[in-house]
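Engineer: Annotated transmembrane segment per Swiss-Prot: 33-53, 59-79, 105-125, 127-147, 172-192, 223-243, in sequence order.
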Amino acid sequence: MKSLLLMMTFFTRIPVTYPYDYDEKDFIKGVKFLPVIGLLIGILMYLPTLLAPYIHRPIIIVSIWALYFLITGGLHIDGLADTFDGIFSYRSKEEMLRIMKDSRIGAFGVLGILWLLILNLTLAYYTENMLLLLVPVVGRASAVFAASRTIYARSEGMGGAFIESCRTKEGVISIAFSLLLGSMVSIKGAIIPMGITFLGVAMLTKKISKILGGMTGDTIGATIEISQTLFMLSAYLLKSIII
């Protein structure tokens with residue numbers, strides 16, 4: 001329970017009390033709970049869909065993502081912006097890492113956020129409500145999976161504790177948890193898009209690690225956001241074209 005509460009304080013803005021002193025061992029134990037945090041976020045995001053009989057779907061979709069950003073505090077989308085600014089600067093590895101640490105947002109960061117919002121709002125409109133519940137689960141499982149396949153790119157920083165705590169075991173547990181939940185919703189509609197997403201995450205992690213020499217807290221945040229969009233896109237394409 002300590003580890004779960006610790007993860008909630010780190011990765012959400014949900015007002016929970018953590019009455020313990022910080023212990024790195026609790027953090028290490030807690031990384032495997034990140035998909036569980038994703039499920040909690042998903043349940044909260046699902047609540048606006050209960051108003052479907054009374055409110056038009058576009059308003060519900062906007063409410064879902066507004067709630068998502070309130071719950072996460074925009075933490076991961078900030079990482080996406082920093083990652084875009086750094087990588088698309090096409091500078092040296094050291095310069096990219098410096099740019100990503102800069103609190104100011106650049107043109108590529110703004111474009112990244114805009115494209116992500118457009119895609120998320122559009123895809124969510126066509127995504128079944130139960131699959132929307134799984135979106136944050138997939139995102140956080142992807143974070144653990146990505147971290148388990150790389151090293152930390154900086155010499156110090158908050159992201160290092162997370163990445164160094166994720167090993168193959170944690171990656172497998174996170175994926176298995178996601179697939180288990182997905183199987184309860186839809187084998188075709190959830191499991192196949194999850195498989196496509198995790199494959200995409202593996203490729204993305206390899207590419208970023210090659211560019212930066214590893215991953216950072218920002219690129220893990222970017223991975224969460226990109227994987228969520230990829231999951232919805234895969235589900236949409238499978239539903240409309242193949243299945």
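For all residues, glycine too, the Cβ spot is worked out from N, Cα and C.
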Engineer: Is the transmembrane segment (33-53) in contact with the transmembrane segment (172-192), using three or more Cβ pairs under 8 angstroms as the rule and ignoring pairs under 6 apart in sequence?
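Structural biologist: Answer yes: the transmembrane segment (172-192) meets the transmembrane segment (33-53) with 3 or more Cβ pairs below 8 Å.
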Engineer: Can you say which of 33-53, 59-79, 223-243 has the most Cβ pairs under 8 Å with the transmembrane segment (127-147)?
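Structural biologist: By the under-8 Å Cβ criterion, the transmembrane segment (127-147) pairs most with 33-53.
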